[in-house]
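Novice: Here it is, the structure, as structure tokens.
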Amino acid sequence: MASGEGILTDGQWKKLEIATQNSGSLSSSPKSHTLFADLNIKSPTGGKGPVAGFPNRHVRRTHSGKHIRVKKDGAGGKGTWGKLLDTDEGDSCIDKNDPNYDSGEDAYDGLVDSPVSDPLDDYKKAVVSIIEEYFSTGDVKVAAADLRELGSSEYHPYFTKRLVSMAMDRHDKEKEMASVLLSALYADVILPDQIRDGFIRLLRSVDDLAVDILDAVNVLALFIARAIVDEILPPIFVARSKKILPESSKGFQVIVTAEKSYLSAPHHAELVEKKWGGSTHTTVEETKKKISEILKEYVENGDTYEACRCIRELGVSFFHHEVVKRALVLAMESQTSEPLILKLLNEAAEEGLISSSQMVKGFFRVAESLDDLALDIPSAKKLFDSIVPKAISGGWLDDSFKVTSDQDGGKSSQDGKLRQYKKDTVNIIQEYFLSDDIPELICSLQDLGTPEYNPVFLKRLITLALDRKNREKEMASVLLSALHMELFSTEDFINGFIMLLESAEDTALDIMDASNELALFLARAVIDDVLAPLNLEEISTKLPPISTGTETVRSARSLISARHAGERLLRSWGGGTGWIVEDAKDKISKLLEEYETGGVTSEACQCIRDLGMPFFNHEVVKKALVMAMEKQNDRLLNLLEECFGEGLITTNQMTKGFVRVKDSLDDLSLDIPNAKEKFEMYASHAMDNGWILPEFGISATQ
């Protein structure tokens, strides 16, 4: 019926409702939610319809009725639109023939997806290639040229670090090559500060290096020792590095290893240079020998061009001051060769072969050694004074040298008496090093009768000891203790150390670890009561603020302030006589304690005599006076009286002992309230009986 065409039966309504529900589930499948985006569940119905408990796959139908899986990120397959903002990167480019081409777009074309270049990254990549090529060819000149051509000199500390770290993980051949290259690049391509900074970076990163290189600590320690021996790192580098590195770090271990295992060993320079074979390296001594040969050959043939070429081929621009020094000495030894020598130095300066600073340094070294040269060349000073104006007027020596040399003229013009004194003291010191006879040395000095030269003796003693083994260094320190108050005053020691520290930089040219050794001598003098800690401050004020000498004083203070400083410093050179001194202190304490509790005077005197250290008897006096005050037992004065009466303890040793107690009265008063009253009584008794020098009474009242 027509009237019934628009009306659905109940059965038809149910079918329509079911169809509508099915259509809704297809269009809003749970699979479309991001929670199910990564699920890969197949429909048990083969994808034809949903089943309860199984979410539908998000499918898309083409007009052909085929099912097409949607790709990741919405990119479709054939017959789909593809993903959102799909730009076809591979084919995307600006086409100038396109009708819609805009020339303004060219400016941005190079900026899209272009990587930002980091100069340091580029430098790092380049130096690795340079180092690898150098390890293959061994051509130092090519490596130097490549590094110079690379530029970016501000990054050279990284080159130092990279070169050493790469060599550390290779054979001895590459380690030796790395050391040789650093020496060749020093000052010419890489500045000294950049070498130092490179090694500092290595010390700070050695914890990481040790992960891949098992013996990294030892290898890097050897590299540092080698750098110091090759004079591309100053000896003070060791002390400075200790200050900036945590004691618990491997970097600190490297410094300690370099100092104790390599730089402190006998003949350490030769050992370090040959550690990796040394086949490609010329030692400092060999270089000095070659310089002498070049100069002698030049004097014979007069070929300036050939001499300059030979000097240049040495490849040691940082060591040209040695050329200047040896040339000047040769000119003074043979006056007929002076014109040729001056011509050579003039030519080398004009060519830029020898820099102005190296020239001045060479002249300074000769000026400092004029006293020694005068022993072999009596007219050395006169000849040198005649050469200096010629060099300045010729324009190859800086004018500043004349000003400085004029100021130092009074110091360097020593009369025949001083020259003879220096010659005599060298013989006395050398004999002492052989015999170890302190009383004999003291008698020899007294026979010279020149106490005004005591600081000169101290300087000569320590300078000679610096270039010898630990045994002689220990003997020198013990001798200083014996000379204190026996012959030398505190002022003599202060002036002697000032003279040493003023010439520390020149000393370091011949003795690699001179600065560290001088710091040990200073610290040891304080530990042995030869100097007071305040004396270090006085010494420091008389030195230039920025100098090797001032840095040495700082190092000495650090050594003294360290834990167990006394024991360590007494053992600093192997614990020879220094440890005997410490052992003697213990023996003195025990014999005094035994005597104080009822011992026999004659036995106590014999024990003091058996110590065999007459220069150390002031320690007996000091400990006896302190124990008498602590124990309130004046019987100990009887022992001192007996020792003085037998001549066992001299007046000088007795006076020194009293002075030491007087200087420590403030500290003693903290534990012994009546210490000052007791000491005044003891001092008065000593003065009345003539035990101590009359000068003590004057100083005690001041």
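Cβ atoms are placed via backbone N, Cα and C, with glycine included.
Nobody curates TrEMBL annotations by hand; they come from automatic prediction.
Pulled these from TrEMBL:
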REGION    38-75  region 'Disordered'
COMPBIAS  57-70  compositional bias 'Basic residues'
DOMAIN    122-243  domain 'MI'
DOMAIN    286-407  domain 'MI'
DOMAIN    420-541  domain 'MI'
DOMAIN    583-702  domain 'MI'
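Give me the structural setting of these features: burial, nearby parts and distances.
Specialist: Broken down by DSSP into helix, strand and coil, the domain 'MI' (286-407) contains 102 helix, 0 strand, 20 coil.
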Novice: Under DSSP, the domain 'MI' (583-702) has how many residues in helix, strand and coil?
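Specialist: Breakdown, helix to coil: 97 helix, 0 strand, 23 coil.
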Novice: Under DSSP, the domain 'MI' (420-541) has how many residues in helix, strand and coil?
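Specialist: Across the domain 'MI' (420-541), DSSP assigns the residues as follows: 100 helix, 2 strand, 20 coil.
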Novice: I'd like the per-state residue tally for the domain 'MI' (122-243) from DSSP, helix first, then strand, then coil.
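Specialist: Secondary-structure composition of the domain 'MI' (122-243): 99 helix, 2 strand, 21 coil.
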